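Per Swiss-Prot, the features are as follows:
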- 1-15: signal peptide (SIGNAL)
- 25-244: domain 'Peptidase S1' (DOMAIN)
- C31-C160: disulfide bond (DISULFID)
- C49-C65: disulfide bond (DISULFID)
- H64: active site, charge relay system (ACT_SITE)
- E76, N78, E86: Ca(2+) binding site (BINDING)
- D108: active site, charge relay system (ACT_SITE)
- C133-C233: disulfide bond (DISULFID)
- C140-C206: disulfide bond (DISULFID)
- C171-C185: disulfide bond (DISULFID)
- D194: site 'Required for specificity' (SITE)
- C196-C220: disulfide bond (DISULFID)
- S200: active site, charge relay system (ACT_SITE)
Amino acid sequence: MKICIFFTLLGTVAAFPTEDNDDRIVGGYTCQEHSVPYQVSLNAGSHICGGSLITDQWVLSAAHCYHPQLQVRLGEHNIYEIEGAEQFIDAAKMILHPDYDKWTVDNDIMLIKLKSPATLNSKVSTIPLPQYCPTAGTECLVSGWGVLKFGFESPSVLQCLDAPVLSDSVCHKAYPRQITNNMFCLGFLEGGKDSCQYDSGGPVVCNGEVQGIVSWGDGCALEGKPGVYTKVCNYLNWIQQTVAAN
């Protein structure tokens, strides 16, 4: 799920996480099998969100993806078939950022502790946290099992999208008075390529580091409305302190 904000799906003030949100890859391509080994699927009876494996026992996702009963599925490519590389591990703890605001979608970040450590291998591995914040023009990889077109069913296999980080000025112009210092935009102003429903919580990886979390947007792949992502670099202390304390 990706957050829909009304007025105009992602309008002026209110943000509502719904199961018909806007977060799956539109205009991307099928990822090479197991080429995104840090990608996880959050399952609450079915796939609801993505996430990133950052240690063998911790997953990074979006706060709006919270569900009281989550199973983390690692090593997935086709989420509707058992292919042999999967590891299904229940969540032991889900820790939302204490300042998460569901109305503004600020601080849209959550840590999930697995009940048991994942077995790391070529098909299940971790992604490093960033050393620096992303800069405009940086090419990044977004991945997920979100819908290929807004309102349609999700794909069975993992989708990828290569997209650039946009400048703060472009981001603020696209979403006046909605972008906080904890958000950044990524994508194409001409539309046609974007994350969408059920990509939420998934990774944005730039230069081998997880720089973003799929968070919200106005529809999917609309002209002038790029995707908005949680800026992971702002949360390094919180992540490190939370992991150490739990």
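A Cβ is built for glycine as well, from the same backbone N, Cα and C atoms used for every other residue.
Structure coloured by features recorded in Swiss-Prot.
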residue	record	Cβ contacts under 8 Å, 6 or more apart
E76	Ca(2+) binding site	Q39, V40, S41, A85, E86, L158
N78	Ca(2+) binding site	S156, V157
C171	disulfide bond	I179, M183, F184, C185, P226, V228
C206	disulfide bond	P130, P134, T138, E139, C140, L141, V165, G212
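Using the Cβ center of E76, N78, E86 for Ca(2+), the list of other same-chain residues with Cβ within 8 Å runs, in sequence order, S41, R73, G75, H77, I79, E81, I82, E83, A85. A gap of 12 Å separates the Cα atoms of C220 (disulfide bond) and S200 (active site, charge relay system). Taking H64, D108, S200 as the active-site residues under consideration, the smallest Cα distance to C133 (disulfide bond) is found for D108. Separating the Cα atoms of S200 (active site, charge relay system) and C49 (disulfide bond) is a whole-number distance of 5 Å. Nearest by CA distance to H64 (active site, charge relay system), out of the recorded positions C31, D108, C196, C233, is D108. Checked against C233 (disulfide bond) by C-alpha proximity, the recorded positions C31, C49, C65, D108, C196 yield D108 as the nearest. Taking only the Cα positions, the spacing between C49 (disulfide bond) and C196 (disulfide bond) is 11 angstrom. For C160 (disulfide bond), applying a Cβ distance below 8 Å and a minimum sequence separation of six or more within one chain yields I25, G28, Y29, T30, C31, S35, V36, L141, V142, S143. Taken residue by residue with DSSP, C233 (disulfide bond) is part of a helix. C185 (disulfide bond) falls within a strand when secondary structure is assigned with DSSP. Taking all protein chains in view, 17 other C-beta atoms sit within 10 angstroms of the C-beta of E86 (Ca(2+) binding site). Of all the disulfide-bonded residues listed (C31, C65, C133, C220, C233), C133 has the fewest other CB atoms within 10 A of its CB.
Fewest Cβ neighbours within 10 Å among the disulfide-bonded residues C49, C140, C185, C196: this applies to C140.
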